[in-house]
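Structure, as C-alpha cells:
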Ligand SMILES: O=C(O)COP(=O)(O)O
Ligand SMILES: [Mg+2]
C-alpha cells in the first residue's frame, strides 16, 4: 500500500489519501535519453533540403513541441524557413526514419527502471505525457518493452491541445485513473513544469534532459539529480508539501 499523508481527518481527506498516487513522466530527456536518434533522424530529414546538420546543443532549442516544430525550427536555424507545403513530406521522412531505426541508441536514464519497479510494487500508478507524436511514443516504448509500466501514454496529438496546456496533463491523469490531488509531473523542460503549474499539480525536474535553461530557473517543486531519489517517500512528501502550501495560500 502506498504511504499516505496524514491530512485533516474527514471523509474527503481519507478518500483522497487512499487513492494511489500517480507519477506522470515526460518522455524525451526525462524517461529516455533519445537525443542521438532525434539528431540523426532530424539531420537525415533536413539533408533532403541540403541543409547542414544540427548538433546536440542545438537540440535543446528545437525539441519540446513535437516533430513538426522541431523540423521547422531546424530548417529556420539553418537559414531555410519552411513554406507550408514543404513540411508534410519532411515530417513523413522524419517519422519513417525515426520509426525504422527504433530503439536505436535510445535508453532509459540510469536508475529509472529500478525506481519504477519500486513504485509499481508499492501500488503507484505511472503515466507518460509527452509532446512526441503518440504513435512514436507508443512504438518507442513498446520496442524498449516499457509500455506495461504505464496506465496511460498520451502524446502531443492525443488531445486537441498539448503541453503546456493543462488539459494535456489533466487528460492523461484521467486516462490513467488518477486524481489531480494525488498526481505529480516529472520533466526536463519548461513545458513540463508549466503544464504542472497550469494543472495545479506539483512538479519534479530532472537536470539531465534537454532544457535550454538551467532547470532551477523553471521553479519546479523539487529537482532530482538521479532516479535513485525517486522513492515512494519522495512522491508523498512532494504531494503533501504542495497540498499544504495550497491550503496556506487559500487561507490567506
Ligand atoms: O518530442 C518532443 O518535441 C518533446 O517530447 P517530450 O514532451 O517528451 O519532451
Ligand atoms: Mg522532455
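Just so you know, glycine gets a Cβ as well, placed from its N, Cα and C.
Whatever TrEMBL says is automated annotation, not expert-curated.
Mg(2+) binding, as stated in TrEMBL, involves 26, 28; the candidate among 151, 157, 165, 188 given for that site is 188. Neighbour count (other Cβ atoms within 10 Å of the Cβ, all protein chains): 29 for residue 26 (Mg(2+) binding site). A Cβ within 8 Å of the Cβ centre of 26, 28, 188, the residues given for Mg(2+), is found for these other residues of the same chain: 25, 27, 29, 30, 31, 64, 130, 187, 189, 192, 206, 209, 210.
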